[in-house]
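Enquirer: What Swiss-Prot lists as compositional bias 'Basic and acidic residues' is 221-254. According to Swiss-Prot, the feature SUMO2 cross-link maps to K285, an assignment based on similarity to another entry. What Swiss-Prot lists as domain 'GST N-terminal' is 2-87. Swiss-Prot lists A2 with the feature N-acetylalanine. Sequence annotations record features per position, and here Swiss-Prot assigns N6-malonyllysine to K434. Residues or ranges marked as region 'Disordered' by Swiss-Prot: 221-268.
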Amino acid sequence: MAAGTLYTYPENWRAFKALIAAQYSGAQVRVLSAPPHFHFGQTNRTPEFLRKFPAGKVPAFEGDDGFCVFESNAIAYYVSNEELRGSTPEAAAQVVQWVSFADSDIVPPASTWVFPTLGIMHHNKQATENAKEEVRRILGLLDAHLKTRTFLVGERVTLADITVVCTLLWLYKQVLEPSFRQAFPNTNRWFLTCINQPQFRAVLGEVKLCEKMAQFDAKKFAESQPKKDTPRKEKGSREEKQKPQAERKEEKKAAAPAPEEEMDECEQALAAEPKAKDPFAHLPKSTFVLDEFKRKYSNEDTLSVALPYFWEHFDKDGWSLWYSEYRFPEELTQTFMSCNLITGMFQRLDKLRKNAFASVILFGTNNSSSISGVWVFRGQELAFPLSPDWQVDYESYTWRKLDPGSEEAQTLVREYFSWEGAFQHVGKAFNQGKIFK
């Protein structure tokens with residue numbers, strides 16, 4: 001049975017995974033989370049700590065036998081028993097599946113939505129709305145899976161349940177008000193069942209579900225930012241007095257989103273939004289206002305209002321149209337997994353939204369599907385090479401530039417933007433679509 005010390009900071013949801021697992025397995029885990037024994041941001045940067053845990057990340061676990069391991073999922077696995085890990089190869093694979101799903105699909109939108117409400121990340125309206133839709137998709141996926149199941153894998157709690165519950169915890173506490181979560185009764189039932197297990201309660205205490213969706217508080221965010229030392233100024237002109245204030249505003253925009261004591265390094269990376277050079281700054285101004293088209297598209301009828309507006313105002317010199325197809329349709333199996341490919345790409349392209357719009361569609365059924373889309377980009381070239389952050393997915397697609405004046409472009413834009421039409425070039429029925437805006 002594992003025994004050792006867990007280094008973390010207080011109320012770290014990532015550490016909860018290992019602590020709940022230990023409650024089930026009987027592993028003896030001591031927690032060091034506060035001075036003088038452990039000071040996050042200091043202790044974890046000392047040479048002694050880094051010799052044991054080179055990444056300097058928490059949570060980190062040191063066994064009484066000297067064994068050291070970091071990364072919360074690895075620690076939770078180590079302190080678990082066979083029942084939690086999955087007692088058969090199939091069950092173990094499904095546990096890993098849900099643990100991976102929590103990290104790849106739940107953490108990004110949950111962080112984007114929740115962090116601003118806690119004052120540790122600046123609010124971006126479009127990003128938040130996108131995150132809400134992604135959370136809604138995730139809860140729906142879980143709801144369908146749990147319709148005939150008590151737990152995610154098998155008939156007992158496993159690491160799958162522990163991990164996904166902990167990943168959803170702040171969503172349920174901060175933003176999933178009754179009107180939002182009521183559409184997912186099976187997910188809610190499962191979540192409540194888990195958090196009311198004695199082993200969960202021993203770590204989480206009584207979890208109070210959100211009654212009213214928390215909102216971004218600009219004042220709280222400003223107060224949470226690290227205070228910078230500024231040189232003292234002698235009294236001078238009005239411009240000299242105003243300059244430090246302007247500089248402080250810029251520092252707030254570019255600053256890391258929270259003090260080190262509030263987040264681990266992974267969360268700091270998710271929340272940080274450094275001020276960067278605009279990759280499109282070299283392009284001349286355009287008469288086409290993409291945001292206005294997006295408003296038309298979101299709020300008006302696509303065929304009768306949004307598309308006529310698009311073609312009337314589209315600047316073919318300042319913008320370009322592209323058709324894309326996924327290169328490896330033979331690898332597409334379950335349609336929900338194929339949709340995850342699209343959603344994951346959109347998430348990684350989040351900072352491209354101001355200069356792009358797309359409708360990407362999944363056609364076909366399980367084990368016989370394809371993905372293709374129509375994109376609008378600022379400039380005359382593909383935007384992806386302009387930033388390393390945008391280059392993860394695009395090579396998995398073929399790209400063909402469209403002539404805005406051609407009949408083909410008119411047809412593709414109409415069909416893909418409206419999700420209606422024959423789609424004769426595809427040869428498969430429309431399944432579902434995703435909009436990048």
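Glycine residues also receive a Cβ, built from the backbone N, Cα and C atoms like all the rest.
Neighbours and distances for these, please.
Expert: The Cβ of K285 (SUMO2 cross-link) has 6 other Cβ atoms within 10 Å, all protein chains considered. In the three-state DSSP assignment, the secondary structure recorded for K285 (SUMO2 cross-link) is coil.
Mean pLDDT, taken over the domain 'GST N-terminal' (2-87), works out to 93 on the 0 to 100 scale.
Listed in sequence order, A22, S25, A27, Q28, V29, G63, Y78, V79 are the same-chain residues at least 6 apart in sequence whose CB falls under 8 Å from the CB of A2 (N-acetylalanine).
Sequence-distant contacts of K434 (N6-malonyllysine), defined as residues of its own chain at least six apart whose C-beta falls under 8 angstroms from its C-beta, comprise C339, I342, T343, F346, S359, V360, I361, L362.
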Enquirer: Give the residue counts of the domain 'GST N-terminal' (2-87) per reduced DSSP state, in the order helix, strand, coil.
Expert: 33 helix, 17 strand, 36 coil
